[in-house]
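Chemist: Not my notes, these are from TrEMBL:
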TRANSMEM  A:25-45  transmembrane segment
TRANSMEM  A:57-74  transmembrane segment
TRANSMEM  A:81-100  transmembrane segment
TRANSMEM  A:106-127  transmembrane segment
TRANSMEM  A:134-153  transmembrane segment
TRANSMEM  A:184-204  transmembrane segment
TRANSMEM  A:233-252  transmembrane segment
TRANSMEM  A:315-332  transmembrane segment
Amino acid sequence: MALTSPPQTRSPFSVWQALVQRPELLTLTLVLLLALVIGLINPVFFTPQSLFDLLRASTVTGIFALGVLLVLAAGGIDVSFTAIAAFCLYTTTLLVLNVAPDAPFALPLLISIGFGLLLGLLNGLIVHRFRAPSLIVTIGTQYMIRGFLLAFIGTKHIMNIPEGMDRFGRWSLFQFTTAEGARASLPVAFLLLVAVALLTWWILSRTLLGRAIYAVGGSVPIAERLGIPVRSVYLFVFGYAGLLAGLGGLVHASLNQLANPFDLVGTELDVIAAVVLGGARVTGGTGTVIGTLLGVVLVVMINNSLILIGVPSTWQKVVIGAIILLASGVFSRRKLA
Amino acid sequence: MGSWLTDKHIRFLWVANLIILGGAALVSRGQFLDPYNFQSMAKQLPEIALLAMAVMLAMISGGGGIDLSVVGIANLSAITAGIVAKSVAAGQGQGLEFTLVFVATALLVGTLCGLINGLLIARAGFAPILATLGTQLVFVGLGVALSGGPAVSLGYVEPFVELGNGSLLGLPVPFLIFAGVVGLVSWILTRTRFGFRLYLTGTNAKAAYFTGIKTPTILISTYTLGGILASIAGILIASGASSAKWDYGSSYLLIAILIAVMGGINPEGGSGKMLGLVLAAVALQMLSSALNLLGLSNFLKDFTWGLLLILSIIFTSSWTRFSFSPGRKGPS
């Protein structure tokens, strides 16, 4: 996990070996290279303000990505988390507005997390009970959850979100005014990402459950023969991804001061790409928290900062696609070797 | 075992189709059975079913095979073909040239895109989901860059608009094209050496390789064929709309995957029948038309499609479980 320690280079060849064992080093290299290129072309990138923007933009994507990481590590995939997030953020906002509009942030937080957990458990239950590929199941639940939200709950944007969410969204950790008079701030919500990252790291690296998740991702028959309760692992990873979707959705609405039921769905492949660029394999059994966070920074940087260096917006998608291909190319070389 | 499993799927699909047809006819008081309604369904079906067919081929080839780039290929083919055809055959009375140039360019672009996917997957060893996620972005991005963002307007060019809008002997032209493609692809799958080798590769790539099948060549051909199918969908979309744009059909990707899976194509490779795919596409099309006819919200349609997919998983899976215990497999 020690991100800060440089790779141990014993011979010229072991750089490649280090990459094989620690794919997140490649992600780190890509992040640093991209930051250097962007910063050299446009020094604005190196200001604290743009750093804060980057961290702010990474908060919600990062929370989602850590949930996806657990599912990928257990050998599954989840594309329904954006629909779960949209469902949780909108339903929670409506519910709180109608029942207890003055409640503190903890109430909507608990409701949203609860909804997310239930929907995630539903995914896990179907995947395990019917031995169905999780891609297919979560495509189905994505349609169901989003369709239910838009057909039965509502389609109107809610601008006046509840007091507690509003205050949480505006609450800053650091705040200062730059020489140009622009205000830069880092929202407290960023601490939630830090907390979730620490929790996820603890689960994956310090608990038996973490070992079980990697084992199931490596091979289900072997995991079963080792006596690992595969059913519980599935329920846990999908439940955790759903819970984090609920959390991320609510944070998203609070930060934007808006509950939009059409939000988020459609960005799931970006999040999955971030996790994969962080070194988790789609085939399961691998992936680290540090790598995932680096992958998130990489994707957010590509999405937000290319405009800073004058890549015309029409060419942005080509560049993003090329970077994803480049990075996955290196990771697949690792697999072939 | 593969075909036996798909037979369950096909039985489920027949039942689902009958229920939807009967239910729609009852609820709409016979309005659903109007020939005009069937014509409009037959016109809408081909675009999405062709994209689903491309996804199906990738899934059959196994190794986590999937093609996320089909919509990108369809739009890029149409945009490129539109630009080329407009510059080569813009004059009056050049409608036929315009159409031929458009179709040829679109098919060429589709072939190239599919070939790129195939090479990345078979030669460079990329995971299909990652390779096609990356190329999807590249193809969409190229479409944006070539067109500059707004739609490429094609105008009303006589034989060209017929491809997506015309009808022949009471049947919509896109449906006839679709029927031809269905016949051709199912012939390839069931009657040719290539089709046999494709299923074998999808069932067990290692075994196929050791029996002397050049599995990389099979994979490259499969993804190339998928690219061609996607570009045919692109031609139909462009002709129907008289324009081409990078974000047309952005919701089609997941629907295409949905159709392939509901049609009983095993995402782990090696099995899947054209009949299942067509039945699944027809079921979804009827459901969506019925809900439209009843004036219900489009979002209810999404909900129903998702529900149908989950139901198809539940029914086909529990039937198998009662008969024999299948090999335990993890989620993939």
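Every residue gets a Cβ built from N, Cα and C, even glycine.
Just so you know, TrEMBL annotations never went through curation; they're auto-generated.
Keep in mind that what you see is a predicted model, and the values were worked out from it rather than measured.
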Chemist: Out of A:25-45, A:57-74, A:106-127, A:134-153, which stretch touches the transmembrane segment (A:233-252) the most, going by CB pairs under 8 Å?
Modeler: A:106-127
Chemist: Ranking A:25-45, A:57-74, A:81-100, A:134-153, A:315-332 by the number of C-beta pairs under 8 Å to the transmembrane segment (A:184-204), which range is first?
Modeler: A:57-74
Chemist: Under 8 Å for C-beta pairs, could you tell me which stretch among A:57-74, A:134-153, A:315-332 has the largest tally with the transmembrane segment (A:81-100)?
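Modeler: By the under-8 Å Cβ criterion, the transmembrane segment (A:81-100) pairs most with A:134-153.
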Chemist: Counting Cβ pairs under 8 Å to the transmembrane segment (A:106-127), which of A:57-74, A:134-153, A:315-332 comes out on top?
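Modeler: The stretch with the most close Cβ contacts to the transmembrane segment (A:106-127) is A:134-153.
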Chemist: Mind checking which residues of the chain, 6+ beyond the ends of the transmembrane segment (A:134-153), have their Cβ under 8 Å from one of its Cβ atoms?
Modeler: 71, 76-80, 82-84, 86-87, 90-91, 94, 119, 122-123, 126-127, 238, 261-262, 265, 268
Chemist: So what's near the transmembrane segment (A:315-332) in sequence-distant terms, Cβ-Cβ under 8 Å and 6+ beyond its ends?
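Modeler: Same-chain contacts beyond the ends: 19, 23, 26-27, 30, 273, 276-277, 279, 281, 298, 302-303, 306-307.
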